[in-house]
Structures are given as structure tokens and as C-alpha cells.
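S.K.: The structure's right below; bear with me while I get my questions together.
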Amino acid sequence: QNEDKWDFVLVSDIHEMGSEKEIKRKKFLDELSKKGFTIKKIEDTKLFYGVRAPQHIFWKYQCLLTNPDSRQQNSSAQQDVPVTTRIRVVHFILQNTVTSDLEKLHDLMKKKVFEAAFPLHKKEEITGILKKKWARWRVLFKEQPIEEIRCYFGEKVALYFAWLGWYTYLLIFAALAGLATVAAGAIVFSSSQVSKEICDANNTIMCPLCDQNCSFWVLSDTCTYAKVTHMIDNEATVVFAIFMAIWATVFLELWKRERATVATSWDVYGWDEEEEELALQLINNPQHEPRRYQHSYFRSTIVLILAVLMIMVLIGIAHALVIYRAVAVALFTQSEVNLLSKHADTIAVMTGAVLHYLTIIIMTKVRSHQGPWALLPFLEKPRTFSQRENNFTVKIFIFQFFTNFSSLIYIAFFLGRINGHPGHYVRIAGHWRLEECHPSGCITDLFIQMAVIMLLKQTISNIMEYLIPWISHQLRKKKKRPKKRSMMLGEEEEAEDPCKKQWLKNYELNEVNVFSLFNEYLEMVIQYSFTTIFVAAFPLAPLLALINNVIEIHMDAIKMMRLRRRMVPRKAKDIGIWLQVLEAIGTLAVIGNGLVIAITSDFIPVQVYKYMYSPCTRQNHTSMDCSTGYINNSLSVFHIRDFEPHTKVLPEFNGVRIKEYRDYRNADDYTYTIQFWHIFAARLAFLILFEHVALCVKLIAAWYIPDVPQKVKNQILREKHINLCKEL
């Protein structure tokens, strides 16, 4: 039975005898044999080599490391080595075995000497448990078997699913708060004074939205849009934004506690990755000299310049989307199709959001094909794989962050603020006007953009994420199935080799690479950014994230268990650099939501009007709504004679002198009024106050919830005491 326990399988094409590839393959396999590895060859349409490591390697591993696998250090100790440890040790030795030509397995795979190297999915009790309790759609709302995931895929994968499960659980509270915010907005859907004024403004004539043949329009035409805006933009949104800033902190603090509990129960709390790497190097080669840490300011500068250039490219793409929207609005407003001309603004926003989603897809593909990122390890020269992964994580996250958020940042903070005013519009290439905000505010544009991107990401992207591996697996099965051939005498036993069927079945599965788990983390962290950073504009984001994650957990499980080859188990005691990334997002969430309420939302201008300019300040009207007259106050007067020469005004308006637009400007010289500066000062004061309060609450929450539970601290203390007593 022990004879069939193969640690790894190497796959190669059948090369001609005496060919360069065949010689290189033989040299590599000979090196493994010298180290005591048992190798079994099975020939089919490809050559399969089963590899099993000698037991003394694992005995050395246990002697060198005080780890959870250690038992009594005797000859029977290897029986206690978990399968995940066996695979990890064998994988390390395979990757670091050097042939006489100074080539490693990685080099040989590049030269097509070997096609694949993978550990096996085996029919074991644990496989059955995972397929029954985890990797199927029927158990969508059941708890994950984290302990079994750890025993099969190692601590790193288990910690990812533990984190994802914890994040999904806490999203329930954020989703409920988001629903309550939307419900509060829906209650005042028709009763808001601001939207009532817009709906009743039948005599308020607004400036045209384009230069050529665009009519003036009546403010009351946008009644529904105003009601929807107020449903998102109300006092409840401010409370929700503060709640989400606290939620992000509490989530991370509670996760740190959960992680400490899990790491202690797995006995990896004090595990040292560097020590393990050094031990594996010495097991592989007793003469090994450790690679030293290196740092070069010159190389770091080059990396920084490359990163800035990539960010500039992404900002350039965001500018292209701005140009598209400006041109689209101009074309749609002049369209003969009534639907397009009437809703030009909204359609431009929605098509712009779809284009933004497509740029995210394209740039993600560009990123996944490495491109300039392939240069970074050579420039930075990280010492360990973990260090390389951390460096890579930070840069790729920044790349993906700007890809996803550059367009949203423009809509949130620049749209309608840099477009000038009638008679003096800011234009692209001197031709197309930049977009304006709706009289009831810009927050609905941000809402639409986020809703479109999140819905597309969670439907189309998730369907493709599952379908592509599934179709690829089906195609591989058809392609790789061995053709039936006429059996000759003496071949029957090879054809019935039980390993052959198992190895072929594993070979037919999709490939996994070292960054497979990285991609899953990245997807979730970007989603976390959407759920927290601009959540004030889109309170339904946590609900969409919750629905997505419930599906995502089991979709990832099915991919790992049924569609992909087995991942090489890796040890870990936490989620690594991702924790710092999540903490950075938490801080950005405070800044982002503060800016959305201060700048994007109409919350501050309304409050300034209520307390400084409304009828309530002049006379004591207890029964009157203090925002009465706000809309008329927020519009400025424009004389038609001051239009730019090339603006064509429709004939029926030629005799009319005065029209209105959204801004705080004087009627004679179009300079800013004193009210504009009052609002500007109030926005700034609110932003400073909001961010300081939110950050203080975050710090208090971080202090109030200890990172490590007392139970875990006491357990570690007790173990240290017992060990010292034994030594004494």
C-alpha cells in the first residue's frame, strides 16, 4: 500500500532517444535518484514519472525544526509527517535540485523538457469530506470545514478561507446597515423638500446641456432623478459612512483575534518562515550558503519610476473615459432618437460605466500576463519567495486599485466642478464641453457607476471565472484521453496499473501556479475596497458583496477540488501583507467617505443654507421646513447675450434674456458669491471634523479590542513555563 503513495508526478513529452531534451530529463531524474528518491515511469501519450522522497528527508526536517509535525525523534517519526508537509518538502527539493548543466526544474519546464509537475488529488477520507461538506452548491449556507481544508491544502489556503468566511459573516451587519440607509431614504422618497422644489419648478428655465441646437429645459423635467438622488443623499448617509469606518476597524480587529486563536490551535503562532526555508535548503544541500538580504537605492528608484509610469497610464485611461462621456453627452443630446436626447446624461454615465468595466477586464488581463512586473524580481532581488510575493502584492494592488477607482475618483470629486460656467465653459480640444452635475447633485452619477461595475463584476466576471476553468477541463479531458491501442503481449499489466488512471485524471485538471491564491485574495481585497471606500454613495455595496461571497467561497472550493490540480500546500501563520493592505483601505475608507459627503453630496450646501440663508434665520417659523427655497438659492442667473459666439440658441428663446444654471455666482460679472466661500469653508471644516472623529473612533476600537485573546496569551505563557521547567 505504501508503494502507491507518490508525492509528486512529473509529466514529459516522449522525446527521441539521444535528443537534447531526453538527455536533460535523464540528468534531472538521475540527480533525484542520487538523493534517494524512488521514481516510477508510466508511458502513455505522455511520459509520467511518479516521485517519492526517502523517509530520512522527513526525519531531518523534524530534527531541524521544532514544529507541529514533530513527534519522538526516532525511526518511526516519519509516519507522523502530514501529507501537506511531505508535499511541501518534496516540492522544495524538486524546485531546487540542480543538474550538472546548472539547470533547475523551472529552467527545464521553460525549455519544454518537462511539461508539468504536480502533487496528486487522491481518493482519501478527507477528499470525500471536502467534496461533501465544502466543494458543492448544496452546502451554500453551511459552515466551512476549515480544519479539513488545512489538512488537505495547508495553512495558507485554510487561512484564506477562514478570513473570507469571517469577512462574509461580518458583512451581514454592514449589509443590514446599508439596507436601513436605503430604506430611510425610500421613506422620504417623495417628501423631501429639495426634491419637491425641483418637481414644482415649472417656471425655472435652465441653460442648454450642449452648444448646438439644444433647447433650454424646465427644471421640473428632472423630478424623478431628484427624488432618486435624495434617496441616496440624506442625513442617514452620514451616519452610515461613520458606521462603515468603524465596521472596517472592528472587522480587522476581530479578524486578528480569530487568526491568533486559529494559529495557536494549529501550533503555528510562533512559526518562522525564514527558519523553515533555511532548514529546507540544508536538507536539499548540506553545503548551502544562505542568500543574503540586499537593498539598492538605485534599483528602488527605477521600480518607483516604473510604478509611477504605470499609474500615469491608468490616469490617462481615466481621462479617456472622461472624454468619451463629454463627447457622448454632446452626441446623445443632438440625437433624433427621443430616448437618447431626453436622457443623454444618464445614458452617457451608464455606457461610461460599462466602458470602465471593460478597461478593468483588459488591464487585469494585461497584469496577469506579467508584462513589466516580470522585471521587478530582477530589479529588487528579494531574498525569499515570501518577500517576493509581498513586493509583488503591494505593486499589483496599487495597479488594480487605480484601474478600478481612477474613473470613480473623477466622478466623485471633479465632475461638475471643473467645467466652468455658461459663456465660459471648459472644453476638451476647444470643442466638447465637460459634463455638468444635475441640479440635485453628482452623487447619483457615482451611485450608477458603482452599481454598474459591481453588478457586472459579480455576474459576468464570476460566471467567466467558473465557466472558463470548467470548459478548459472538459477540453483537456477530451484532448488528453489516451487512444485505445491494440494490446500486445506483456503490455496488459501496464495498462491496468492503478496509478495510471489516477495520474491521467490529475493531469487532465487545469494547471495551478504560485499566484493562484494571490488572485483570489486580490479579487476579494478589491471588492472590500468597493464595499468601504465610496460606500456613502452606494449603500447597497455590502449587500452585493455578501451575496457574491456566499457564492464565491463554494465556487473557489469547487475549482480547487474538482477543476484544478492540487495546490502545493504552504505553511503560514497569518494572511501576510494583505492585512496591511486591508488596514490601508480602512484609512482610505475614512478619507473617501468624508470627501464624498463633503464634496460629492449636497449635504453641506443644504446645511449651510438652512442655518445661514433660509427663511428660518430671518423669522421664527417652527412649522416651516428650513430647506425651503434651497433650489432657487443654489441656481445662478445667466444673460443669454453672454453666450459664446458659436452657441446656437433655438429661435423661440431669442427674445428671452435670463436663464439659470447650478452654481453660486454673481449675475453681473459671474464671479463667486460670498455663499460659495461659506460653503467651501463648511465643506473643509466638515471634512477635517469627520476624518478626525472617524479616525479617533477607529483608534479607540483598535485599542478596545485586543489583537490576541487572553486565552491564547495564557496558553502560550503556560507552554513556555512547562518547557522551561523541563529544561531546568
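Placed from the backbone N, Cα and C atoms, the Cβ positions cover glycine too.
Copying in the features that TrEMBL gives for the protein in this structure:
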type	residues	note
DOMAIN	83-146	domain 'Anoctamin dimerisation'
DOMAIN	149-719	domain 'Anoctamin transmembrane'
TRANSMEM	166-189	transmembrane segment
TRANSMEM	236-255	transmembrane segment
TRANSMEM	301-327	transmembrane segment
TRANSMEM	347-366	transmembrane segment
TRANSMEM	392-415	transmembrane segment
TRANSMEM	525-554	transmembrane segment
TRANSMEM	575-599	transmembrane segment
TRANSMEM	680-705	transmembrane segment
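I'd like to know what surrounds each of these features in this structure.
M.R.: Under 8 Å from some Cβ of the transmembrane segment (166-189) lie the Cβ atoms of residues 227, 230-232, 234, 236-237, 239-240, 243-244, 247, 250-251, 254-255, 258, 524, 528, 531, 535, 539-543, 545-546, 549-550, 553, all in the same chain and six or more residues away from its ends.
Sequence-remote contacts of a segment are chain residues at least 6 beyond its ends whose Cβ falls under 8 Å from one of its Cβ atoms, and for the transmembrane segment (301-327) they are 348-349, 352, 355-356, 359, 363, 372, 375-376, 379-380, 395, 398-399, 402-403, 406-407, 409-410, 428, 432-435.
Counting only same-chain residues 6+ beyond the ends of the transmembrane segment (525-554), those with a CB under 8 A from a CB of the stretch are 134-137, 139-141, 144, 161, 164-165, 167-168, 171-172, 174-175, 177-179, 181-182, 232, 237-238, 240-241, 244, 247-248, 397, 400-401, 404-405, 408, 412, 443, 446-447, 450-451, 453-455, 457-458, 462, 578, 581-582, 585-586, 588-589, 592-593, 596-597, 600-601.
Beyond its flanks by at least six residues, the transmembrane segment (680-705) meets 241-242, 245-246, 248-250, 253-254, 257, 586-587, 590-591, 593-595, 597-599, 604, 607-608 of its own chain at Cβ-Cβ distances under 8 Å.
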S.K.: Using DSSP, how many residues in the domain 'Anoctamin dimerisation' (83-146) fall into helix, strand and coil?
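M.R.: The counts are 33 helix, 3 strand, 28 coil.
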